[in-house]
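Lifted from TrEMBL, the feature list:
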- 38-261: domain 'Anoctamin dimerisation' (DOMAIN)
- 264-846: domain 'Anoctamin transmembrane' (DOMAIN)
- 275-301: transmembrane segment (TRANSMEM)
- 353-373: transmembrane segment (TRANSMEM)
- 437-462: transmembrane segment (TRANSMEM)
- 482-502: transmembrane segment (TRANSMEM)
- 529-550: transmembrane segment (TRANSMEM)
- 650-676: transmembrane segment (TRANSMEM)
- 706-726: transmembrane segment (TRANSMEM)
- 802-823: transmembrane segment (TRANSMEM)
- 868-879: compositional bias 'Basic and acidic residues' (COMPBIAS)
- 868-890: region 'Disordered' (REGION)
- 881-890: compositional bias 'Acidic residues' (COMPBIAS)
Amino acid sequence: MGGCHNVCWFFPLLLHVPHHRFNRLAKAEFNGKPDSLFFNDGVRRIDFILVYEDEDKKEFEKRHTFQRHKRRREYFEASLMKMGMELEATKSVVDEKLLFVKVHMPWDVLCTYAEVLHIKVPLQPNDLTSHYSPWRIFSCITKHFQPNEELIGKESDFFTAPFEKERQGYFHIKDKDLFFTPSMRSKMAFYILTRAPYEIRGNVKKFGITKLLNSGVYKAAYPLHDCRFNVKSKEPDCPNERYLLYNEWAHPKSFYKMQPLDLIRKYYGEKIGIYFAWLGFYTTMLALAAVVGLACFIYGYKTQETSTWSKEVCDPEIGGQIVMCPQCDHFCQYWRLNSTCEASKKLCIFDNYGTLVFAVFMSVWVTLFLEFWKRYQAELEYEWDTVEFLEQEELPRPEYEAKCIYERKNPITGVKEKIPYTTCGRCVRVSIGIGTVLFWIMLILASVVAITVYRLAVFFAFSTSLRTQGLKELEPIKEYVTPQMATSVTASLINFIAIMILNTVYERVAIWITDFELPRTKTDYENSLTLKMFLFQFVNYYSSCFYIAFAKGKAVGYPGKPVYLVGAYRNEECDPGGCMIELTTQLSIIMSGKAIWNNIQEVLLPWVKNLISRHCTRVTSENTIPRWEQDYRLQPVSKLGLFYEYLEMVIQFGFVTLFVASFPLAPVLALVNNLFEIRVDAWKMVTQFRRIVPEKAQDIGAWQPILQGVAILAVATNAMITAFTSDMIPRLVYYWSFSVYPYGSNTDHTMKGYINSSLSVFSTSDFSNASSPIDSFNISTCRYRDFRYPPGHPRQYEHNVYYWHVIAAKLAFIIVVEHIVYFTKFILSYMIPDVPYAVKEQIKREKYLTQVILHETNLKLVTKRLKPSDDDTADHTEMTESNEETDLDF
C-alpha cells in the first residue's frame, strides 16, 4: 500500500473488535513484584509502556495546556482500545505525579498485525544438514572465546514463512503466549502506537505517539527490559536475556569473547544485530591489517638510524654546513639543515619502502573485507529471516502519512493513493536541501582556508622565536621542536576543535533538511540523512588532510619569487623531507582526539545522567520499584538509533584506508578503539538505556555503497600520497640515476649525496625587496627544496630536467599501481561469490516448503471441494472442521 492509503484500512477492522474491548482504561495499584512483566492479573504480558504526568498536580495557570493534553491522551487511549489493545494504568511508587499505562496485545490482534508486518515465524524444523565450515578445525581454540553455551544455548533452526492468520494451523505453534517473541510483540505494538489517532478536526486527522511525545502529552514510550542487568529475575518464566547479555557480552570481563549475535538479534532486533555483526567483523579484519601495519612501523623505527639521507641531514659536516633560505619574508632567518635532524629521523619511521608495500596491501585488504562481509551478511540474512525484506513491504512513516493531501494514481497498482506533495513540490524540497548542504560544505572549506592562514601567520612567529638565539629557555627543546612541527601540532588541535563544533551544528541542520524533504519510508529517511551527513563529515574531517597531502608546499615558487595566498600571505613550505610527517601528525591527533571525545560522550554522559536521576528520586534499591519504573529512569534512545555509531565507524574506516600510506599505525589505533567500542556500545545499551524498539534490517543500508566508494578512492589517494607527498619517488630516481642519467657521482647506487642533489641553490642577491630577510649575515647563497637550475645558468631558477624526470616517474607510478591494484580488486570481487552456495540451497529449500505447505495444500482442498468422492467425504469434513477451529475471526 502506498502513501496515506495505509491509515484508512485500520478503521474497518474496528468494526470487528469484540464489544468488551471498548471498556474504560483499567487502573490498578502496584502488585509488589518488581520483576513482573505482566498486568496485575499475572496473565497478560506487558508489550509497551506509556508514561505521562498527572495534570491535577500542576499549577492553575498551566491548566489550559494540560486539559488539551488530557483530551488528546484520552482520545488516543480510546483509539488504542478500539484497535484491540488492552490498557492498565498504575501510579508511580516514587513520584505521585507520574502514571504508567501498560499496553497488552491479545492473540487475535497479534495475529492480525503479524500478517500486516510480514513477520516471519517458524514453519517446520530445518531438515538440511549444516554445511561444513573450514574453521571447524580450529574449534579446539575458538571454543575458549565463545559465550558460555550452558547459559546461551543454540536456538532451534526452523524454516520460516510470513505469518498468515487464516493458515495458523500450518505454523509451528506450541504455545500461543511464547509463539511471538517479546521483540516481535513490542514491534507490533509500536506500529499501532505510531498510527493511532489522537485528534480529529474536520477533515484533518492527527495521529501517532511520536507527536504526542514531542508535544509533551506523554513523557515516554518504551518496551520493557525483561529483568535487571546485574540480577536475575525472580519470576519463574523470565528468560533473563538482559542479564545474559550483560554477563556474556557487555561486562568488561567478557572483552575476549565472541559476541552472542543470535541473542542480540532476538532481544534488540535485526537492525541492532546487523550493526554489531558488522562491527565485530570489521574489528576482526582489522587485526590482520594492524599486525602488518605494526610490522611496517617497527621496520621504520629500526631503520631510522641507518637511513643514509637522514644521516646526511644530521651530519655536522653535511647538514650542518648547508644554509637554508628563510621560509617567510623579512622576519625569518637563515637556518642550518641539521636543525631538522630529529624531524628527519621521525620521518624515516613513516616514509620508507615498507609503507609502500603496506599501502598496496591495504588496497587488497579493503577488497577482501568488503567481499567477505557480503558473504557473512548473506548468511545472517538467511539465519535472521531478512532475505525477502523488500522495500515495497516497508510501510510509510507516520510523519509522511500525516502530510498526505494530494492524490495520484499508483504506477504499479493503478490504485489512487494520497501523497504529501506534487512533483514540483518535491523538486523544490530537494533543491533547498541540496543548496543547504552545499552552503555548509563551502563553510567547511572556508574554515580550512582560515586554518591555512593561521598556519602561515603562526609559522612566522615560531620561525622568529624558535630560532632566536636570545631565548635560552627554549634551548632544551629547540632540537626537537621545529617551526614546522610547532605550527602543525597547534593547527591540528585547532582544526580538531573546529571539526567538533561544526559537527554539532550541522547535525541539527541535516536532520531539519531531511525532515523538510519528507521521505516516504524510514529506510528512505535514513538513506537521505546518511548521504547528507557523510558528505559533510567527509569534507569536515578529511579536508585538512587532503590539503596537507596534496596542496601544501606544492606551489611555493622559489625564494626570489614566492607565491602568495590572497596576495598577502606567503604560501607555506614543507620540511626538507616533505609534508609526510605533518600529515602523520594531523591523522594521529584527529583519530586519537575523536576516539577520546566519542567515548566521553557515549560512556560518561549517560552514566552521569542516570546517576543524577537516581539521586533525585532518592531510591537506593531497585527491589522496591516495578520494572517499568526502573526502565523509565534509564536514558531514552536517540531517534536516529545507530546512525551516529555507523557514522563514527565509517569515518574511522576512511582514516584507516584513505591515508594509510602516511600512517601505518592507523589500523592499530582503530583496532584498539574498536575493541573498546564494541563493549562500550554493549554496556551503554544494556545498562544505561531503555530497551530499543526492534526494527528489521536486511543489511547495513546506505553505508555499504559508501564503504565501497571509500575503498575505490583509497587506491588513488594512497598512490598519490606515495608519489606527491612522500619523498620516495625522488629517492628512487636518484638511486637508479647513474645507469640512466648522469646526476652526481652515484656510481654504486646508494643514497649518498641525495640531500645535496635534492636542494637547489639560490643567490641571496636575487631576493626582492618584499622578501629579503632583515639580517643577511654575509651569506651569498642559500639552499631550498626544489629541482631548479642554479644562479648564473642561462635558465636560472627554472625547473631542470631532473624535475621533469621525477614528475614522469611519479605519474608512471600512479598509473601502474592504480591499474595493478584495481585489476586485483576486480579479480577478487569476481572470484568471491556474494552468497555462499550452502545458503543458496537453504533459501531454495525454504521457498519450496512455503509453496508446498501454504499454497499447494489449499489447492488440494479446493480440488476436493470441487470433486468430492464417497471415499474422502469424511476426510474432507474433518479437514474443514479443523480449519474452522484454527481460523479466528477478528
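Glycine residues also receive a Cβ, built from the backbone N, Cα and C atoms like all the rest.
Note: TrEMBL annotation is automatic and uncurated.
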(message) Against the transmembrane segment (353-373), which of these stretches has the most C-beta pairs under 8 Å: 529-550, 650-676, 706-726?
(response) 706-726
(request) Could you give the residue numbers and ranges of same-chain residues that sit at least 6 residues beyond the transmembrane segment (802-823) on either side and whose C-beta is under 8 angstroms from one of its C-beta atoms? (result) 360, 363-364, 715-716, 719-720, 722-724, 729-730, 732-733, 741, 743, 757, 786-788
(request) Pop the mean pLDDT for the domain 'Anoctamin dimerisation' (38-261) in here, whole number is fine. (result) 83
(request) Using a Cβ-Cβ cut-off of under 8 Å, list the residues of the same chain that are 6+ residues beyond the ends of the transmembrane segment (650-676) and lie near it. (result) 255, 279, 282-283, 286-287, 289-290, 292-294, 296-297, 300, 350, 354-356, 358-359, 362, 366, 534, 537-538, 541-542, 545, 549, 580, 583-584, 587-588, 590-592, 594-595, 599, 703, 706-707, 710-711, 713-714, 717-718, 721-722, 725-726
(message) Below 8 angstroms Cβ to Cβ, which residues of this chain, lying six or more residues outside the transmembrane segment (529-550), approach it?
(response) 433, 437, 440-441, 444-445, 448, 451-452, 492, 495, 499, 502-503, 506-507, 510-511, 513-514, 579, 582-583, 586-587, 590, 594, 640, 643, 646-647, 650-651, 654-655, 658-659, 662, 701-703, 706, 717, 720-721, 724-725
